[in-house]
Amino acid sequence: MAPKAVLVGPPGAGKSTIGRRLAQALDLPLFDTDVAVEEEAGRTIAEIFVQEGEPAFRALEEEIVRKAIESHEGIVSLGGGSILSERTRELLKGHTVIYLEISVAEGLKRTGTNTARPLLAGGDPRQKYTELMRKRRPLYRQVASIRIRTDGRSPARVVQQLVAKLAE
């Protein structure tokens, strides 16, 4: 068993929204690792970061991603930072991985000052998002077999393009 597709991308790229719509369009189940982490921990991601720190969160996330990649047959939406894990990047090899690309400006517009996103909280949001993208963009590109820009495109249009690409 393997997922039909795995979505990756930075905060605000549309992983959850596109994931839901793509799963619906393909009549497949969706597995959102951020939701699964919160369900497993019984707390929000922000609470895990505050109470246990990023390393504890990443360890839990890595295990949930592993289970999803090994057993879920639908669409899997990964948390934005999951690709920081070398183990996760290894697990993604051989799978259809869709990188939802977004500009820093659009990402900031979509995420704003969302405190549910602990790595973007506090300080200068533009600087934090730019630095996050500087670190992660090469990793997203490394794991991606399909890249699609989401800037200025409706979720419906992005899903339409992805359905066509997945049918190729």
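Any Cβ shown, glycine's included, is placed from N, Cα and C.
Annotated features, as they stand in Swiss-Prot:
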type	residues	note
BINDING	Gly12, Ala13, Gly14, Lys15, Ser16, Thr17, Arg117, Arg153	ATP binding site
BINDING	Ser16	Mg(2+) binding site
BINDING	Asp34, Arg58, Gly80, Arg136	substrate binding site
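Annotated features, which come from Swiss-Prot, shown on the structure.
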| residue | record | Cβ within 10 Å |
| --- | --- | --- |
| Gly12 | ATP binding site | 22 |
| Ala13 | ATP binding site | 26 |
| Gly14 | ATP binding site | 22 |
| Lys15 | ATP binding site | 25 |
| Ser16 | ATP binding site | 15 |
| Thr17 | ATP binding site | 16 |
| Asp34 | substrate binding site | 19 |
| Arg58 | substrate binding site | 18 |
| Arg136 | substrate binding site | 18 |
| Arg153 | ATP binding site | 15 |
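Using Lys15 (ATP binding site) as the reference Cα, a 10 A cut-off selects Gly80 from the binding-site residues Arg58, Gly80, Arg136. It is 19 Å from the Cα atom of Ser16 (ATP binding site) to that of Arg58 (substrate binding site). Sequence-distant contacts of Gly80 (substrate binding site), defined by Cβ-Cβ distance under 8 angstroms and a gap of at least six in the same chain, are Val8, Gly9, Pro10, Pro11, Ala13, Lys15, Leu132, Arg136. Across the fold, the C-alpha of Gly14 (ATP binding site) and the C-alpha of Arg58 (substrate binding site) stand 21 Å from each other. Under DSSP, Arg58 (substrate binding site) is assigned to a helix (H, G or I) in the three-state scheme.
If you take the Cα of Asp34 (substrate binding site) and the Cα of Gly12 (ATP binding site), they are about 13 angstrom apart, rounded to a whole number.
Comment: substrate site residues Asp34, Arg58, Gly80, Arg136; largest CA to CA distance 17 Å, whole number. The two recorded residues Arg153 (ATP binding site) and Arg58 (substrate binding site) have their Cα atoms spaced 31 Å from each other.
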